[in-house]
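This report concerns only the one structure given below.
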Amino acid sequence: MSDEEHTFENADAGASATYPMQCSALRKNGFVVIKGRPCKIVDMSTSKTGKHGHAKVHLVTLDIFTGKKLEDLSPSTHNLEVPFVKRSEYQLLDIDDGYLSLMTMDGETKDDVKAPEGELGDSMQAAFDEGKDLMVTIISAMGEEAAISFKEAPRSD
């Protein structure tokens, strides 16, 4: 018998959190990874090919989790990583200790998403305190998740 210990931290199938895409194929409102962060492209421009070199693509992006502005300048022929971004809606069950308690469509509970801060968090807490049924939109990319919006759930009378 071997004395080695095997630890498996997470149970994904080894799928990548990103895929490569050529700079020239990126589009405004699309997603891209800049400095290791998943970002949404808010503005992009291309410069002409210079005397020595390639056309450049200038990207202005916002981090999808922090809202921080990040910029990048790359040759149009280079590949950049694009994150797989997933949006899911969950029913809000409770807000406790800064975390959301959510229910998936198949009845499972999910308690590992942080409650949003700032105006979104305050208005979500206020609507929840009023007893409204809320649906929360969660965005997930590259192993991170965050609540980005909420709406009142439709009444099923």
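Cβ atoms are placed via backbone N, Cα and C, with glycine included.
Annotated features in Swiss-Prot:
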- SER2: phosphoserine (MOD_RES)
- SER2: N-acetylserine (MOD_RES)
- THR7: phosphothreonine (MOD_RES)
- LYS51: hypusine (MOD_RES)
- SER74: phosphoserine (MOD_RES)
- LYS86: ubiquitin cross-link (CROSSLNK)
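Shown here: features listed in Swiss-Prot, placed on the structure.
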{"residue": "LYS51", "record": "hypusine", "DSSP (3 states)": "coil"}
{"residue": "SER74", "record": "phosphoserine", "DSSP (3 states)": "strand"}
{"residue": "LYS86", "record": "ubiquitin cross-link", "DSSP (3 states)": "strand"}
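For SER74 (phosphoserine), applying a Cβ distance below 8 Å and a minimum sequence separation of six or more within one chain yields CYS23, LYS56, VAL57, LEU59, LEU80. Local packing around the recorded positions LYS51, LYS86 was summarised as the count of other Cβ atoms within 10 Å of each Cβ; on this measure the leading residue is LYS86.
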